[in-house]
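J.: The structure follows.
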Amino acid sequence: MDRWGTLVLAYKTLGVVFGGLVTSPLYVYPSIKFLKSPTEEDYLGIFSIIFWTLTLIGVVKYASIALKADDQGEGGTFALYSLLCRHMNIGILSSKRASTNSSLSHSMDEVTKKQSKLGIFFESSVVARRVLLFVAILGMCMLIGDGILTPAISVLSAMDGLRAPFPSVSKSLVEALSATVLVVLFLLQKFGTSRVSFLFSPIMGMWTLTTPIVGIYSIIHHYPRIFKALSPHYIVHFFLRNGKEGWLLLGGTVLCITGSEALFADLGHFNRSSIQIAFFFTIYPSLVLTYAGQTAYLIKNPNDHDDGFYKFIPTAVYWPIFIVATSAAIVASQSLISATFSVIKQSVVLDYFPRVKVVHTSRSKEGEVYSPEVNYILMILCVAVILIFGDGKDIGNAFGVVVSLVMLITTILLTLVMIIIWRTPCGLVALYFSVFFVMEGVYVSAVCTKIHEGGWIPFAISFFLALIMFGWFYGRQRKMEYELTHKIPLDRLGMLLSDPSVQRVPGLCFFYTNIQDGLTPVLGHYIKNMKSLHKVTIFTTLRYSLVPKVAPRERIVIKKLGLKGVYGCVVHYGYADSLNLDGDDFVGQVTASLRVHIQNCSDGRPSSPMEIQEEISDLEQAKQAGVAHVRGKTRFYIGKSCSWFDRIMLAFYELLHNNCRSALPALWVPLPQRIEVGMLYEA
């Protein structure tokens, strides 16, 4: 991308990536549990903490280091985990599945030759792999929790500006108005963000420009010497003077860095240079000047911290700033809601989450998705958070838990990436880990003291989501292991079809399987009981690769299986690809690829023109006779020999599996063409 293209992209990031981060001045000071009589030195210490938190975590950790740890251009905690999986056999995908992607298997072979001791430890320890998986999933769930709390605290903090000019406006009315705004916002999600996205960047651009201007005015008018607080010794003096009370106050100051995870998680929508340019030259200076202006005002008005944003706005520009603040809060909410949809979609695609309906709201942007179930659950939770915990401090406490834990999880995963993949010198790794783990660990310890004051909300939500994701993934992996162990090889299929009692019936059958080197055990169960198989049967595998998109020419791979009328088909998809094909369109694409494969004799076996024509004719006749899509509907049989862990996790998986959507509706397969074959897998 050329220089101007990068600058345009950097401008667009304002409305998507930085919504949560740049609007944090709305609620940081109101969320802080302040000292009884804060002094000038206390405020200077607080500003110094905010400045160095933004600098170290925002500038150094995320903008300078984390953005380099992308996975095929994608960012976030899941990208870090999948990046580790690329370089260790710890598996999002089993080795059988990973080998289907040549570039992936090549990179795996290259790295395993020189594996680090830590990488060998993770490969050999089942417990370590499960802990790492659970940590990565917990980080993703915390981001979803962010999608619940950001709309609530952003809109509530912005609407709270009505109470200053109109003291008669009650908190209940502000909460009701905020809830109404959020309900409207969630109801509009089904139309997609692209129709209003052109408004996002100008709104955030106005916010990013106007708040530092007000901040500069406040600095000049109230306390021009505010920048002396950039010296870290003010932090030391603050904690020496206030002790435990100063430590507890960190639960509010951590909110200054909220939204920083989106800076990393939204990397796939833009690129590293555009995000860095926007952050270094607009967002970071804007935040520093805004917080400096707020602090300068509070030094002269020390008891106004409960409304630390709107009180420092000059009367002459109050209403324009209020309008911009409310608009910016809604935009910030939208960015986290969209990020939540994307995270859920990626989780569903990679079998981390039970299948939910995912709708693509843009024909040109594959990443713009909407999930009705997720949308309405988010709406209910957001409104419930506002109406039940209307106090901004309670929501701030909950928000602080999300922010601090996501940062800590990212630090842990980044450290593993440095050691296992980048092979960073031990001294630099130790410096990075000690600085950020200690810093973020202190923040986590401070917010954990507020678990009983609202901090339990996101932790409970995230833990429950993580349990769902881990239970689903564990069940899917156990099914995969059973199928690989009990798969039917081709010679066994040949023996089954050679049985005189087994008939080849007219029609075209798509038999869905998760196995490539062999066939699903459901096939043997089907043939033994039905005593038949369609004349043309295509064993179809939907294969999700750890890449955003798969090239169209590489999407459908056909091969002959050595038996008459029996073929294998692998449909490759990346986690940013759409599966929403029309059923007939899908059949047409596969049969067209099969026809070309037959004509080209791609398996290298010599065929006469007559044999080729006969094979194509059989395919056309089978298609005209009727199409059937067969999939196994398998369940675990949990016997007495199972361990207590398997009993609990597999029973939980069965509960999830029985209440989620089928895998076939993603291809829009017509109902009359679907056949489900039940079978029990012994756990």
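Each Cβ is built from the backbone N, Cα and C atoms, and glycine gets one as well.
TrEMBL feature annotations, pasted as is:
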- 7-28: transmembrane segment (TRANSMEM)
- 10-492: domain 'K+ potassium transporter integral membrane' (DOMAIN)
- 43-63: transmembrane segment (TRANSMEM)
- 131-153: transmembrane segment (TRANSMEM)
- 173-191: transmembrane segment (TRANSMEM)
- 198-220: transmembrane segment (TRANSMEM)
- 246-265: transmembrane segment (TRANSMEM)
- 277-297: transmembrane segment (TRANSMEM)
- 317-337: transmembrane segment (TRANSMEM)
- 374-392: transmembrane segment (TRANSMEM)
- 398-422: transmembrane segment (TRANSMEM)
- 429-449: transmembrane segment (TRANSMEM)
- 455-474: transmembrane segment (TRANSMEM)
- 506-681: domain 'K+ potassium transporter C-terminal' (DOMAIN)
J.: Sequence-remote contacts (6 or more beyond its ends) of the transmembrane segment (246-265), Cβ cut-off under 8 Å?
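T.: Residues 17-25, 27-29, 31-35, 45-46, 49-50, 53-54, 57-58, 62-63, 66-67, 75-77, 143, 146, 150, 238-239, 275, 279, 287, 291, 332, 335-336, 339, 343, 393, 396-397, 399-400, 403-404, 406-407, 410, 442-443, 445-447, 449-450, 455 contact the transmembrane segment (246-265) from elsewhere in the chain.
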J.: For the transmembrane segment (198-220), which stretch among 43-63, 173-191, 277-297, 317-337 has the most Cβ pairs under 8 A?
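T.: The listed stretch sharing the most Cβ pairs with the transmembrane segment (198-220) is 277-297.
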J.: Limited to the domain 'K+ potassium transporter C-terminal' (506-681), I'd like the whole-number average of pLDDT.
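T.: Computed over the domain 'K+ potassium transporter C-terminal' (506-681), the mean pLDDT is 84 on the 0 to 100 scale.
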J.: Cβ under 8 Å, sequence separation of at least 6 from the ends of the transmembrane segment (277-297): give me the contacting residues as numbers and ranges.
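T.: Hits for the transmembrane segment (277-297): 6-7, 10-11, 13-14, 17-18, 21-22, 24-25, 28-29, 43-44, 46-47, 50-51, 54, 58-59, 63, 208-209, 211-212, 214-219, 221-224, 226-227, 229, 256, 263, 304, 308-309, 311-312.
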J.: Counting Cβ pairs closer than 8 Å, which of 43-63, 317-337, 429-449 has the most of them with the transmembrane segment (173-191)?
T.: 317-337
J.: Restricting to the same chain and to residues at least six past its boundaries, which positions have a Cβ under 8 Å from a Cβ of the transmembrane segment (43-63)?
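T.: For the transmembrane segment (43-63), the nonlocal Cβ contacts are 21, 28, 32, 226, 228-232, 234-235, 237-239, 241-242, 246, 249-250, 253-254, 256-257, 260-261, 263-264, 275-276, 279-280, 284, 287-288, 291-292, 295, 298-299, 302, 407, 410-411, 414, 435-436, 439-440.
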J.: With an 8 Å cut-off on Cβ pairs and a sequence gap of 6 or more, do the transmembrane segment (131-153) and the transmembrane segment (398-422) reach 3 or more such pairs?
T.: yes
